[in-house]
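These notes concern the structure reproduced below.
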Amino acid sequence: MKKRVSPMASLFFISALAAASSQSPFEDNFSIMWSENHFKTSEDGNTWFLSLDKETGCGFQTKQRYRFGWFSMKLKLVGGDSAGVVTAYYMCSENGAGPERDELDFEFLGNRTGQPYLIQTNVYKNGVGGREMRHMLWFDPTEEFHSYSILFFVDRVPIRVFKNNGEKNDFFPNEKPMYLFSSIWNADDWATRGGLEKTDWKKAPFVSSYKDFSVDGCQWEDPYPACVSTTTKKWWDQYQAWHLTDSQKMDFAWVQRNLVIYDYCKDTDRYPKLPAECSLSPWG
């Protein structure tokens, strides 16, 4: 699959990635954000582990910022009883949860043993989110590594389409360069059954695993990177990279029918007047 991101009409968008991506060791791409003693690597350095205990979690971020592109990582989530535990994998324009941040989220919401993981996605522009979707997965994400790609692909299957309308708007985050982050942390006040299920610290440490980070995108350079200029030379400036292929549309339709358990665009109690982006068709 190819992932398309256009700086103008369709920043973090949806398509197949045909171009080769770069892969390199952790220290070439990332820095630990906090709790370095909760971070470990395999002997060969190719697999990375973040752990959470009652004292703290852990997180890392890319050293570089990107304006748009295809960003992918293989994750294996916390197994067993993971209620209250959140593994986050996201892009954000700031190091913290600033009031004007742009952000694109994957959040993996742990559960009691035997219950399925839920995956929550969200989009922020200028600090405003509230664009949550929740999905079930069609596999157990704790048994093996699976690929999660921004924006919103799982094992090359599109689970969500978030479109731009090609005009200046207040919903599509295409103006600020972003870092990529991942972290593991305790969120038992909301993550599992709305906070009813609490983290069982007797099961700690909770460990999430990572490998095979790849990126093919526009790396930010001050004051403005040349790759932002719209041309026909980059894959993200090709028309076919702005849209789902026919096979991707079939996959997306199956996900919509079988795996979506919450969509803010259908929550008229929460949004009596639906947000503007909800009127944009994912099929075009």
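Cβ coordinates are placed from backbone N, Cα and C, and glycine is handled just like the others.
The model shown is predicted, which means the values in this text are computed figures rather than measured ones.
The annotation signal peptide is assigned in TrEMBL to 1-22.
Positions annotated as domain 'GH16' by TrEMBL: 1-210.
Residues or ranges marked as active site, nucleophile in TrEMBL: GLU103. Taking Cβ-Cβ distances under 8 Å and a sequence separation of 6 or more, the neighbours of GLU103 (active site, nucleophile) in its chain are TYR90, MET91, CYS92, SER93, ASN122, VAL123, TYR124, GLY129, PRO173, MET178.
Counting every protein chain shown, the Cβ of GLU107 (active site, proton donor) has 19 other Cβ atoms within 10 Å. Sequence annotations record features per position, and here TrEMBL assigns active site, proton donor to GLU107.
Feature annotation from TrEMBL assigns N-linked glycosylation site to ASN111. In sequence order, SER82, ALA83, TYR117, LEU118, THR192, GLU197 are the residues near ASN111 (N-linked glycosylation site), counting only same-chain partners six or more apart with C-beta under 8 A.
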